[in-house]
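Chemist: Mind having a look at this structure? Questions to follow.
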Amino acid sequence: MAGVCFPRNSPRTGKQRVVDTARNRWVIEEAVRYRCSAQCRKLLLSGGESPTTVPIMEEPVLGSNSEKVINGYAFLADTILLIGFGLIGGFLIPSITGTFHRGFFCNDQSIQYPYKNDTVTPTVLFLYSFLAMILTIIATEFYRAKKSTRVSTPYHRIGNTSIHFVVVKIITYIGYSLIGFMCVLVLTNITKSCVGRLRPHFLDVCKPINITCHSDEYYNNYTCSGDPVKVEEARKSFFSGHSSISMYASTFTALYLLFRMPCNSLGRVAVPIMQTAFLSTGLLISLSRINDNKHHWSDVIIGVFVGIFAAAYTCFVWAGMSNNNGEEVLPLHRPHVNYVDPSAAISNGTIMEYAISEQESMQTERRNQAPDKQ
């Protein structure tokens with residue numbers, strides 16, 4: 001439990017009776033703004049002198065009147081650093097160092113499979129990964145903004161430009177998703193180049209010269225007569241990039257929906273169905289690499305593990321979704337007082353029915369506990 005101080009003799013708390021309209025309005029506003037716990041509401045609704053310190057829930061509501069200033073230069077620097085990290089670590093360094101040339105046993109049946117075209121091309125893989133994360137984040141944040149009622153709407157500012165908090169949230173979570181994505185991309189490409197494991201179709205695309213594969217002899221010095229581009233790619237089996245990237249995007253999206261879209265907000269089954277669809281898509285993309293003779297089963301398993309671990313680490317550690325970064329959460333069972341609009345409650349004639357019922361119940365409890373004077 002945390003505490004919030006309300007000054008004594010505040011002009012908003014001058015009325016001592018809870019049935020007074022002004023105090024009712026103040027109680028509603030403070031309950032909404034600070035998401036008061038039950039104990040807090042009882043203290044606010046109790047008669048007499050207003051409390052100096054009352055306990056509240058630890059997550060403050062976003063609806064504050066303060067305006068946060070964003071450092072535009074820092075944001076630009078972070079963006080450039082992230083893109084540079086992905087390009088340099090994921091593409092430039094592997095191209096400079098080259099791929100490790102590993103030898104093979106001529107009778108190794110695990111590298112004698114025929115070459116097949118990709119069921120899921122790299123273009124489709126990247127489109128799925130980006131669209132799954134970005135579109136889900138955009139739709140979810142706008143949905144939360146539409147469904148969540150706040151006392152006031154917070155804004156952020158870059159220079160003289162005000163930015164709505166929804167836009168800031170979208171950019172923030174997309175940024176976290178891209179940080180994890182770039183880390184997976186860099187780790188995958190560097191590992192592929194360093195290990196140099198041969199793909200299942202290596203011999204089919206290599207077509208080694210002057211080698212007859214009828215013995216268990218190990219060949220380290222050999223020359224391939226096949227397409228150099230395909231031969232180079234055939235040396236990058238460990239671990240599966242399709243598996244790591246697709247499972248990262250799928251797991252990140254599923255965890256994001258878990259923390260940012262409560263199940264009952266779209267019904268009890270909508271969110272679990274979406275999570276299952278994303279995870280199933282990532283798993284199917286991973287399994288397609290075995291059917292296409294592009295990876296060994298162990299390459300796919302390691303890729304799936306790397307993608308899931310990176311997504312979980314991004315969501316829990318970097319993005320802090322489990323504690324929601326100290327923002328407001330849409331609870332599974334939403335208390336009415338926490339999301340009531342004060343102006344609407346007064347204008348439509350229902351002046352804090354919840355507060356009055358609470359006060360009446362407390363008065364009844366006091367009468368029952370009072371000593372019998374007769």
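Every residue, even glycine, has its Cβ placed from backbone N, Cα and C.
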Chemist: Can you dig out which of the ranges 266-288, 335-357 TrEMBL describes as transmembrane segment?
Modeler: 266-288
Chemist: Report the mean pLDDT of the predicted model across the domain 'Phosphatidic acid phosphatase type 2/haloperoxidase' (174-315), rounded to a whole number.
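Modeler: Average per-residue pLDDT within the domain 'Phosphatidic acid phosphatase type 2/haloperoxidase' (174-315): 94.
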